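Take a look at the structure below.
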Amino acid sequence: MEFIAKKADIATLSTQCVVVFCKDGKLMASASHLDTEQHGLLTHQLSIKAISPTAGSHLWLTLAPTKSAKHSKALLVQLGESKKKSADITIEDIRKISQKLASTLNSAKLKDAAVFFDSALPASGDCTLEKLAHTLALEIERASYRFSLKAGTKNTPATLKKVVFVATNSAETKTLRNGANTGSAMGKGINAARELGNLPGNICTPNYLAEQAKQLAAGCKKLTSKALGEKQMERLGMGAFLSVSKGSDQEGKLILLEYKGAAANKAPHVLVGKGVTFDTGGISLKPGANMDEMKFDMCGAASVLGTFKALVELDAKVNVVGIIAAAENMPSGGASKPGDVVTSMSGQTIEILNTDAEGRLVLCDALTYAERYKPKSVVDIATLTGACVVALGNHAAGLYSNTQSVADALLKAGEETHDRAWQMPLWDDYQRQLDSNFADMGNIGGMPGGSITAACFLSRYTKKYPWAHLDIAGVAWHSGAKKGATGRPVSLLVNYLLNN
């Protein structure tokens with residue numbers, strides 16, 4: 001998708017469709033200009049209440065041919081009605097407007113469109129013109145996603161390829177361009193994560209993820225990628241990771257990405273993604289119902305790759321390291337058994353009480369590996385526990401941290417992008433649930449506070465740096481009729497990295 005921001009006249013800009021706005025029952029400048037050319041068509045529609053006053057409502061209009069007209073369709077979009085003078089457009093309005101408009105444009109079989117913003121929002125404050133441009137570009141990108149493997153008429157490719165954001169002056173052009181660039185980059189990153197998440201486990205293997213990282217790095221001089229195999233991990237003493245991958249015919253991979261967009265002396269942020277490309281539960285086998293959704297157990301890894309995709313698109317001025325712990329969790333004669341004791345890279349021993357609590361086993365060695373980068377912060381992202389879904393449902397990711405400033409920054413990023421998280425306790429009181437008679441710790445802590453004890457387990461490997469854990473089990477994918485990966489929390493992560 002190409003986004004262009006420029007100053008233009010609605011009478012002379014060549015495009016298939018012009019998008020104009022109304023607010024408080026009145027046409028905005030470009031809509032009013034179009035109305036004059038169309039002999040009162042738009043004001044007539046307002047007078048008969050053909051468009052709802054609800055923010056995001058829209059009305060398609062077929063335009064009468066004129067001498068100067070270079071477009072045949074118009075889309076009139078409602079910004080909403082203020083109930084009182086102090087009320088204005090809210091962040092929620094911006095999101096609704098953008099989602100509805102993006103969906104409408106992508107389903108209209110248009111090749112291009114032009115959006116006339118007409119200073120619809122102020123340059124400063126919570127709800128700005130840049131925020132509207134950012135959100136609209138992101139939602140247009142998101143609405144354009146089609147799963148690559150699905151064939152047939154139900155998967156018609158999106159036709160919209162170019163959107164012009166039209167400004168009224170040069171300052172507004174810059175504002176719209178900035179908003180469109182960040183929104184489009186985030187949207188591309190989200191879609192990349194969705195695609196990886198949606199791929200079946202027979203295609204998206206640990207090696208496939210490593211190849212995707214390699215391909216992404218090939219297109220950017222600031223990004224490098226490499227992958228460690230099981231022999232290299234064995235030499236590093238990654239017994240926890242290998243206890244998971246050894247049950248599968250697919251070799252486990254520790255995938256490493258380094259994006260160097262800032263000065264070399266600036267400490268990097270590190271993102272650690274759980275990449276269990278299919279999780280059967282191992283010997284502690286999961287029930288058959290809905291097991292197909294365990295292909296989504298690598299959505300943490302997908303979000304890391306999606307975030308790097310966005311950073312590359314933005315040419316971001318930050319240093320970021322990505323570590324993806326990629327493995328399959330399969331039952332076999334070589335798989336780990338309940339009661340096995342393994343030694344992690346940190347030297348701590350773990351009694352594997354349940355082989356279906358495998359995510360923390362691959363992550364703990366990856367978190368230990370992260371120490372070598374002397375990071376500014378480390379954020380791990382994982383579809384870690386069903387207990388988090390019980391606690392928070394499908395709207396907020398669970399957030400745990402050993403450093404409140406990092407937690408606050410992530411919470412703020414989530415609020416700003418509507419990719420929200422909720423901070424959970426990480427108290428020492430929960431640590432004793434991990435006690436083991438045969439090792440330094442067990443890999444599960446019982447049913448009470450299951451998401452918390454999983455985070456407590458990880459915290460034992462993060463003593464040397466500021467760390468946060470995002471449990472995305474409830475937000476990484478949708479089930480049911482709209483089954484599919486969401487691409488979360490790419491927008492949260494990108495916002496966090498750009499602002500910290």
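Even glycines carry a Cβ here, placed using N, Cα and C.
Mn(2+) 2 binding, as stated in Swiss-Prot, involves K274, D279, E358; the candidate among D292, D297, D365 given for that site is D297. Within 10 Å of the C-beta of E358 (Mn(2+) 2 binding site) there are 29 other C-beta atoms, taking all protein chains into account. In the three-state DSSP reading, K286 (active site) counts as coil. Here the binding-site residues are D297, D356, and the one ringed by the most other CB atoms within 10 angstroms is D297. Of all the recorded positions listed here (K274, K286, R360), the one with the fewest other CB atoms within 10 A of its own CB is K286. If you draw a 10 Å sphere around the CB of D279 (Mn(2+) 2 binding site), it holds 26 other CB atoms from the protein chains shown. Those same-chain residues not listed among D279, D356, E358 yet with C-beta within 8 angstroms of the centroid of the Mn(2+) 1 site C-beta atoms are V244, V276, T280, G281, G282, S284, K286, M294, D297, N329, T355, A357, G359.
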